[in-house]
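Here's the structure we're looking at; comments come further down.
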Amino acid sequence: MAVQRKPSPQETKVENKIDAQVGKTWGRDRDVSFGTILISLGILVMSPLWVYNAPDHMEALKTLLIREVPRFSPHATRIAFGWLLFQAALYAFLPAKIGYGQRTPAGHLSPTRKKRVNGLLAWIISHIIFAAGGLYFGWWRLSVIQENWGGLLLAANMYGYFLTFFCYFKARVFPSHPADRKFSGSFIYDLLMGIEFNPRIGKYFDFKLFHNGRPGIVAWTMIDLSFAAAQYQKIGYVTNSMILLILLHGTYVLDYFYNEDWYLRTIDIAHDHFGFYLAWGDAVWLPWLYTLQSHYLFRNPVDLTPVQFAIIFAIGFTGYFIFRSVNHQKDIVRSTNGECMIWGKPAKVIRTSFVNLRWKVHNLMMALAMCMTCVPSTSCLILHHLHEYLLLHRIQRDHTRCKGKYGKYWRVREALPYKLFPYIY
């Protein structure tokens, strides 16, 4: 009988290393999760169906693209770029007070933080001209936006991408403030998130402030009114759901422009660099995604019962009350450097249970109310709320940036243990 040699410690170590590599890094894993097993089962069962249905699905996709993809329209393109130039002229030449943002990362105070704040006046003039041109002078029909929607969408995308690449080029060739630029080493990431912090042309034409509010948010209520006019032409009246939607959108938009100076100290203006994220987002995402309800209500008119109307109204304006109240408190604390009274007490931390509601719950409530105007449809509700994942990202981003700024003194989680929903998350 052969005598088996006992492996040396070195050989044992090598064998163990090989076993570990085989199980963890070589080929497939030996230890798999239950989720991986379910995915594997799905592949085993569904693969024949995918192959069988692929030709039909490809043909259906081709038909969908041919039918639904917007076509280039010279007329719609002229409308879109005329609108941009008109808003730029209002921004540059209307009377405006000078608002002040925060110190930039490179330490700039002036003129970088000086902004022309005249959004409310621009909104009023834009809507007066839109209504007068359609109702009195006959320059256009009030439904002009709905009638040219596909071409306008394509033109907005063209502008969003042009602005992205222009700002990338400007940041590298003739930046407004070189010290405020941030490079990652990745062309793709720099294009997405931006290089320049406050790109400008001239002394006061600030790209970030202009595109954040004008032309996108000015257009919100104008888009709603155009689809309401189209609905009237289609069915002979404007539904109460459309009226409620215009009321909810209008309240938010007017609040934004009435408090435009306050927005100079929010994260979009005070922290984000200007790239595709803001350029395309302001040009396309803001006016197109956030007005989906008016599109739906034009195609599928909804008449709300008095109870439904009251419930949706209550949800929407409760969310707005929270939004306005807590933002007002925050602005008081910022503007007084904490030397103020909140609810009759010195402001150490804005009331924990109340400020937790500020962590974007108001956004959820207002978005829910706007989407509920489209009942009984759930597709609009689901699609609109897909963007709420951004809120979770913003919560973590706010925390990370504040922790980086204040270091060991950032102990807000001790006072505010919940990130979004009190006692839940």
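Just so you know, glycine gets a Cβ as well, placed from its N, Cα and C.
Residues or ranges marked as transmembrane segment by TrEMBL: 32-52 (among others).
Counting residues 6+ beyond its ends, the transmembrane segment (72-96) has Cβ neighbours under 8 Å at 116-118, 121-122, 125-126, 144, 148, 150-152, 154-156, 158-159, 204-205, 210, 214-215, 218-219 in the same chain. What TrEMBL lists as transmembrane segment is 72-96 (among others).
Among residues of the same chain six or more beyond the transmembrane segment (117-137), those with a C-beta under 8 A of the stretch's C-beta atoms are 86-87, 90-91, 94-99, 144, 213-214, 217-218, 221-222, 225, 229, 253-254, 256-258, 260-261, 264. The feature transmembrane segment is assigned by TrEMBL to 117-137 (among others).
The transmembrane segment annotation in TrEMBL covers 149-169 (among others). For the transmembrane segment (149-169), the list of distant contacts is 70-73, 75-77, 79-81, 84, 190-191, 194-196, 199, 207, 211, 274-276, 279-284, 287-288, 295: same-chain residues at least six beyond its ends, Cβ to Cβ under 8 Å.
The transmembrane segment annotation in TrEMBL covers 235-254 (among others).
For 304-323 (among others), the entry in TrEMBL reads transmembrane segment.
Look at TrEMBL and you will find 364-386 (among others) tagged as transmembrane segment.
Outside the transmembrane segment (304-323) by six or more residues, the chain places 239-241, 244, 248, 251-252, 255, 357-358, 361-366, 368-370, 372-373, 375 with a CB less than 8 A from a CB of the stretch.
Residues 120, 123, 217-218, 220-221, 224-225, 227-228, 290-291, 293-294, 297-298, 301-304, 309, 312-313, 316-317, 320, 366, 369-370, 373-374 of the same chain lie 6 or more positions beyond the ends of the transmembrane segment (235-254) yet place their CB under 8 Å from a CB of it.
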